[in-house]
Amino acid sequence: MVRATPIHRYRNIGIMAHIDAGKTTTSERILFYAGVCHQMGEVHDGAAVMDWMEQEQERGITITSAATTVFWSGMDKSMPQHRFNIIDTPGHVDFTIEVERSLRVLDGAVFVLCAVGGVQPQSETVWRQANKYFVPRMAFVNKMDRTGANFDKVVEQLKARLGAYPVPMQVPIGAEDGFEGVIDLLKMKAIHWDAASQGTVFEYRDIPIELVDKASKARAFMVEAAAEATEELMDKYLNEGELKEQEILQGLRERTLKVEIIPVFCGSAFKNKGVQAMLDGVIHLLPSPADRPPVQGLDEKGNECRCKASDSEPFSALAFKIMTDPFVGSLTFFRVYSGVLNSGDQVYNSVKLKKERVGRILQMHSNQRDEIKEVRAGDIAAAVGLKDVTTGDTLCDQNHIITLERMIFPEPVISMAVEPKTKSDQEKMGMALGRLAQEDPSFRVKTDEESGQTIISGMGELHLDIIVDRMRREFNVEANVGKPQVAYRETIRKSDVKSDYKHVKQSGGKGQYGHVVIEISPMSDVDKQHPDVKGDFLFINEITGGVIPKEFISPIEKGLRETITSGPLAGFPVVGVKVKLVFGSYHDVDSSEMAFKLAASMAFKQGFAKANPVLLEPIMKVEIVSPEDYLGDIMGDVSRRRGVLQGQDDSLSGKVINAMIPLGEMFGYATSLRSMTQGRATFAMEFDHYEEAPANIADTVIKKT
């Protein structure tokens, strides 16, 4: 089958932003103008197409990344048809995992900002994630019709707070109630959209006299930014003082693809102004899969190899999301980097080392689905029938094996106990939690060995609330939920602590014998770079002369690794520890894997107790935005919560207070901040680092366990 859309006309893009920037409304307008929806859904009505989960429609926030495909031929229909695969990502900090895995498979992004609120805490988090994956992006300053809208100030904030190099492509005509349209700096014409046609009809007009000077200056800045792309363009610009429209676009595109500049558009998605021109910008300025560097991976022998975005290359794809669909079961969302895949084909999972057959391939439109026969390089689709795939797995041609770089997901920072309300809920709950954990790598489930309770862990209170809510709605499981608990960690402060343990049992017949001598130390920065570090723990075997036979070394390491999952201090995971196996002995008859495993575990527990063990608590980076009147109260409250103030900034919506606060002090903070400021302040927090808990806090936590 011939490819319907050439790969250079593909755009795999994400719509990214903080909460309330109008991201989902912007996505809805894209669907409307591209002809996918014949009626617009509004977030505040709970009718947005991209927000398809019940909780999303109720809460008015996007939780999971909905994927959809649309086609665009330009605002004036003059361009060849381009295919946009769009992912709408959540803006709440508890769901940054969704943003992270979307960015991993996208080629470009549209960064939606609120013209009133400007750059918010979540904007910074998302920006850092986009930098990590070197994603070219452009900005859309939305809500230009709102009271307090200020385009220039937002552009300034992009520079000051995100370290970006923004290049405005437009100048707004008016603001707030007087927002009429935009000036296109390429054509030096004003664009006015017709309200009666919901923005589908537009016209070019002359630039209003009072804005000619401002537009000329902005255009000169844009042309200069384009000229800096190459020496050839710069020479032409210096000699002629101007560049042609095509040359400007060429220069800007080149610099956008290198993530040197951020082209900035503006409008009001709600008032149907500006999204249309921004879509033209996606075609002109964001990359196709063929413009991105070939994706890197490792072959069977561990050598580095690359996949070019071409149909003629062997098939390779990355599974970036697993979802449970009520009608078809498990859906695996994947991005094809190279080659072609037909429904019914076999794929090789190079992470699990397994072959699987792809049943059906679906093109997703939010939670609607169309069955398709094949996918090609650059496509994003969902597969039905893959049984043993998890997020981050590579799917490839079994004759050309490659493992693409895996995604690294953050460790959960908050836990709570859940128990089924009735016996019939018991079995269903296990299945539901298993499915949800498969979908979301930042959500973990475990059973507390002592109490037998099921413990769920995630990235924040809202994250776990929604998990419990989904259990009830999608799996019909009613559960009681305990209080949120902090995910503490344990470590040591003393170095080179020796621990000698001999496990001996003799009770007639074959006995048990295992003897190990270990040295325990905190991991240094050099240790952290050691190739054998796994999960913040380093095991080094220094046995010589066969005092412990080789076959018992692996059980010793296994015994240590099992022990560190529940530390001796208070049962929390142990981190940042190095263990050297330095000596031991064995018995020809009585030694076994189990005996050495037990000896290693006991040696570690004894050594850990002597190595000055400490409890670590998660510290959150908190940003509070508030009117100035409440600053004193808020700062006093931060101090009472053992917070450390990091400084203040000005924002378009008030003062910004930055602080580091222990997670244990942040439960219920939303309610307390609301009552302190009459609901006028907002906050966002994300995990920053672990640090030693004060003795009184550590004692309380240890006594509870």
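Using N, Cα and C of the backbone, Cβ positions are placed for all residues, glycine too.
As given in Swiss-Prot:
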type	residues	note
BINDING	17-24, 88-92, 142-145	GTP binding site
DOMAIN	8-290	domain 'tr-type G'
Next on the checklist: Counting across all protein chains present, how many other Cβ atoms fall within 10 Å of the Cβ of ALA17 (GTP binding site)?
Outcome noted: 30
Item to check | Residues that sit under 8 angstroms from MET144 (GTP binding site) by C-beta distance, when 6+ apart in the chain | outcome: ALA115, PHE151, PRO172, ALA175, PHE179, CYS266, GLY267, SER268, LYS273, GLY274
Checklist entry - So, in DSSP terms, is ALA17 (GTP binding site) helix, strand, or coil? => result strand
Next on the checklist: Counting across all protein chains present, how many other Cβ atoms fall within 10 Å of the Cβ of ASP20 (GTP binding site)?
Outcome noted: 17
Checklist entry - Which value does the mean pLDDT take for the domain 'tr-type G' (8-290) in this predicted structure? => result 84
Checklist entry - If H, G and I count as helix, E and B as strand, and all else as coil, what does DSSP give for MET144 (GTP binding site)? => result coil
